[in-house]
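Trainee: Quick paste of what TrEMBL says about this protein:
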- A:72, A:73, A:152, A:180, A:200, A:201, A:202, A:238: pyridoxal 5'-phosphate binding site (BINDING)
- A:326: [2Fe-2S] cluster binding site (BINDING)
- A:5-365: domain 'Aminotransferase class V' (DOMAIN)
- A:203: N6-(pyridoxal phosphate)lysine (MOD_RES)
Ligand SMILES: Cc1ncc(COP(=O)(O)O)c(C=O)c1O
Ligand SMILES: Cc1ncc(COP(=O)(O)O)c(C=O)c1O
Ligand code: FES
Ligand code: FES
């Protein structure tokens, strides 16, 4: 296989070798069911406890506030559905934003069908939630505010602390989907007034199929998966021991390397952004210039369609992603890019590149040259570009 | 560590080395997100398709009828909750049994709170559902019959084909929890009239944290986890690619080795049962003598408490399990043992031993001697035994 | 799951057995988990517990607490024995897992039941001893879910 420049780390990441190493014994050697009585199963139980502790520490939370799930989507579904159920007597109004991941948006729509009311807040042109709109949206029957920590497409980081303060002043629960942010930015659930937080292993060099929901002690929570007594009777199912061990290791690594890693990523990301904006005309950066995930760059190239761009990058060995309609199951362009005010045809030509610790300056140089070449080629084929040139 | 005789394969199994080998590349090498556009992610996508095909073939189903989940519990929850939701207009009555796994029972109780009615069928002394009772339980508003294929505690295999026929004659959907049976007995969803079937990877030497729900084409099904467009838009969340690959491999192995493996297990199981019943007085076999899982033996030793028995077996390096209250989170003894008519104090002294392909005759001989010694010791300490001896 | 002390008392329970013509015998059961404990006491004329034996049908914690309770009781006066609480037994065992705390109540109750039997047989009144329940089952806080 030719050299691969993998710049789609917001979609998923490579499982780190250290994570692999930590997991392997729990598949074939210490495979006991943590619920069993014998000593052999105690090894699995201990591994769960240690992973839970590592994760709790990373968030400044307590161990018994961490509940393992099969990933970010399950955690998001759980947070919304179970809160809706447990607090229905108080009210049936939920506030979220227009730029959430589908795991939140579609769950919100589902709850609307069940008779709940959901307010989807707008964001400004950089993708930041408007705090005054949030304040106005709060009603006596509002039971939950769910705002993502950082956006998966444009990388914008929300003013989580301010949102948490507003929620808590009003006695409303605050959930944040931190699937993209956890491991990339420091999070303190107390300082930020977070009551629930979703995260997913495969976004931080951990395994796929494992994640967690942080639930602050005292929050009334119902089960989402009913059955056995696992996870303090809150989430049934034999624990994914290797996955949980892998997640714990990944969190440990992410926390320990965060400062250095993200500083390096930011530098490369800014180098990438600067070069692309300077060297490719009719291009814009989506998201906030500084308040964004350290590894995220998101561009819109006018007159260019996203899927074509991706396929050509792929031919150069570059993996990226696009908010283009054509790459997703649905045919609507990204709801996030529309929410920040991009017109359809520009939203279509977006490119998200998300770096990892392994990304080098050489990679970025290669990518910039490739983008320049491809955008030029696609524009030369584009009727939109032809019209534009003729009109100018 | 001293030699371990692992006889708790109904709780969980060792991940097979072949399964490990198949999975590993998908963690660190082919880690792409199957939903992505580039070629690199196509490798992951292809792996999913292959696993789906293997599993479909094992059940005589079609590939697009297999939906991956995080395990058996999620599959059970999904089957019941989504059917309840999708068919509420037809009726709100569900039939299941008293000996289902908690993933079914607790989900049933949850649905009852939502206004559904659930009939829990009795079983006979061997743990077999009574077909005439089933027929009588059916009502015009019955939307689902859910009966487990084989019981996890006592191993009894149900007359699934007959139940499927009854369901289909009445136009009622039929779900079976085959978490214990899949890979141990041949299953043909068409022949048995199964509309939905739950299975879990870690019960058949596959990884933990992965399972699937078979859903027959034509069955109206709602999502349980809402979000992205994965699993034909039915089950959101980035696919657990390594887990799915491992599950596929485990199913392939289970199917290929089934005949030979289960014949060997049956022979050893019967040897174990015969020796224990013959050599340990005041002992009974729970479950059906012949219609039982090839690897399952379940005994009750009068006057003996299960947890003590397990801990002493553990000291001899033997891993088993018990339906005793004292070993579970709840303090009630096994609902299954009570359902087959055992009184509390006998249900307490139950021991489940579940064999694997690796179990040897030497293991069984060692285990029988150990049981004899321990049961004698525990009886000498038991006030119940003292009373019994004095009275006789 | 259990401390080393618990495992030691479980593996090598002290004072298992019966006492013929015991001064007092008490049998208590835990309706909640179905376990049963019987305690035999041999008490001399000065009211000192000379010997103590037990039999238990129960989990590892139940066996270990029975064993430890007999150790604690031996040599004590009736009044001292009465003051042995389940907490004291648990502490002597270096603790029990939270779900097993109720098992230790069996031991405390079994001592009380045997002392009650002794008092009945010898027609004496022991200060602070009430007629024991034959079934103990104490409410545990279940978290709602
Ligand atoms: C019959 C049965 N159903 C469901 C389950 C749940 O499966 P899992 O633990 O994989 O969620 C199990 C095993 O625990 C089982 O034995
Ligand atoms: C912000 C956000 N939330 C939720 C998810 C869902 O996570 P998972 O795919 O692990 O279920 C993702 C990633 O896909 C995400 O980026
Ligand atoms: S033109 Fe093909 S999907 Fe948009
Ligand atoms: S005595 Fe039953 S759980 Fe301990």
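Every residue gets a Cβ built from N, Cα and C, even glycine.
Describe the structural surroundings of these features, if you would.
Mentor: According to DSSP, residue A:202 (pyridoxal 5'-phosphate binding site) sits within a helical segment. Residues within less than 8 Å, Cβ to Cβ, of residue A:202 (pyridoxal 5'-phosphate binding site) and separated from it by at least 6 positions along the same chain comprise A:12, A:13, A:15, A:71, A:208, A:209, A:210.
The Cβ of residue A:203 (N6-(pyridoxal phosphate)lysine) lies under 8 Å from the Cβ of A:9, A:10, A:12, A:13, A:72, A:179, A:180, A:182, A:183, each of these being in the same chain and 6 or more residues away along the sequence.
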Trainee: Under a criterion of Cβ-Cβ distance under 8 Å and sequence separation of at least 6, what residues of the same chain contact residue A:201 (pyridoxal 5'-phosphate binding site)?
Mentor: A:71, A:207, A:208, A:209, A:210, A:211, A:243, A:246, A:247, A:250
Trainee: Do any residues at least six apart in sequence from residue A:152 (pyridoxal 5'-phosphate binding site), in the same chain, have a Cβ closer than 8 Å to its Cβ, and if so which, in order?
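Mentor: Residues satisfying the criterion: A:10, A:101, A:179, A:180.
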Trainee: Would you give the longest CA-CA distance, in whole angstrom, between residues of A:72, A:73, A:152, A:180, A:200, A:201, A:202, A:238, the set recorded as binding pyridoxal 5'-phosphate?
Mentor: 30
Trainee: Which has the fewest other CB atoms in a 10 Å radius around its CB: A:73, A:200, A:238, the listed binding-site residues?
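Mentor: Minimum Cβ neighbour count within 10 Å, taken over the binding-site residues A:73, A:200, A:238, occurs at A:238.
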Trainee: What number of additional C-beta atoms lies within 10 angstroms of the C-beta atom of residue A:180 (pyridoxal 5'-phosphate binding site)?
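Mentor: Counting Cβ neighbours of residue A:180 (pyridoxal 5'-phosphate binding site) within 10 Å gives 28.
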Trainee: Consider only the binding-site residues A:72, A:152, A:180, A:200, A:201: which of them have a Cβ under 6 Å from an atom of ligand 2? Write none if no residue does.
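Mentor: The binding-site residues passing the 6 Å Cβ test are A:72, A:152, A:180, A:200.
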Trainee: List the recorded positions A:72, A:201, A:203, A:238 whose Cβ sits under 6 Å from any atom of ligand 1, in sequence order.
Mentor: A:238
Trainee: With a CB cutoff of 8 A to chain B, go through the binding-site residues A:152, A:180, A:202, A:238 and name the hits, or write none.
Mentor: A:202, A:238
Trainee: Need the DSSP three-state call for residue A:72 (pyridoxal 5'-phosphate binding site) to compare against my parser.
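Mentor: Its secondary structure by DSSP: helix.
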